[in-house]
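So the structure is just underneath, and the comments pick up after that.
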Amino acid sequence: MISRRRFLQATAATIATSSGFGYMHYCEPGWFELIRHRLAFFKDNAAPFKILFLADLHYSRFVPLSLISDAIALGIEQKPDLILLGGDYVLFDMSLNFSAFSDVLSPLAECAPTFACFGNHDRPVGTEKNHLIGETLKSAGITVLFNQATVIATPNRQFELVGTGDLWAGQCKPPPASEANLPRLVLAHNPDSKEVMRDEPWDLMLCGHTHGGQLRVPLVGEPFAPVEDKRYVAGLNAFGERHIYTTRGVGSLYGLRLNCRPEVTMLELV
């Protein structure tokens, strides 16, 4: 016969396990944190240029459109000058409503010019679905940069925006820098892309992919972060004299997060 003490211990362990899973699944994945950083990019005294950066939306049965819409609404409230999307827009684990997804994304381009790159979840599932992602972004007014560059011009400033292909697909092949010698911002899904671009001129790289580790285990860290260089799992970090910013992302795999809230990022470039 089980003792009262062991029964209470087993009951407490069951409750703790259930509560922990409930928190990871029902609480933290929808608890967005608005992150702000001011970065010396132009190195002038003009007003800050505001960029909204979102990545890893991961529309799926685990990440509903309502959650993605909430993240977008929070970002738009900050009145950005430019919006950048860092890849991994879906998980192809179910039939997805791409028309509804386009409707959710449309407010971004209505707010500010919006550019995107692709991530590893956007490319390995066949040409038809890759085509659907590209068409969905396009129908929402979003421009995809696939190893392409464009010049972003404001009344007082210019900089070159580069979007790369996915590193894991062997498609990270950025174009040469322009001859104008402008500040260069790179949009690359995976922060390990820095190694491919080590000898290329750039000043700031914006990445996703890691989800910040998604499950941050006390005393262990981020054992599940899918990158070679763990220094760039999350946040703003130096790479020599350059900087890499890795967002924790909006969505998640399997709808779980622990000590790693989803993120809406506002960057002010000065």
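Heads up, the Cβ atoms here are built off N, Cα and C, so glycines get one too.
In the three-state DSSP scheme, His58 (divalent metal cation 1 binding site) is classed as coil. With a 10 A radius on its CB, His58 (divalent metal cation 1 binding site) counts 24 other CB atoms from all the protein chains. Under the heading divalent metal cation 1 binding site, Swiss-Prot lists Asp56, His58, Asp88, His211.
As annotated by Swiss-Prot, divalent metal cation 2 binding site applies to Asp88, Asn120, His209. Taken residue by residue with DSSP, His209 (divalent metal cation 2 binding site) is part of neither helix nor strand, so it is coil.
Straight-line distance linking the Cα atoms of His58 (divalent metal cation 1 binding site) and His209 (divalent metal cation 2 binding site), rounded to a whole number, equals 11 Å. For the recorded divalent metal cation 1 site, residues Asp56, His58, Asp88, His211 set the reference point as the centre of their Cβ atoms, and the other residues of that chain within 8 Å of it by Cβ are Ala55, Leu57, Gly119, His121, Gly208, His209, Gly249, Val250, Gly251, Ser252, Leu253.
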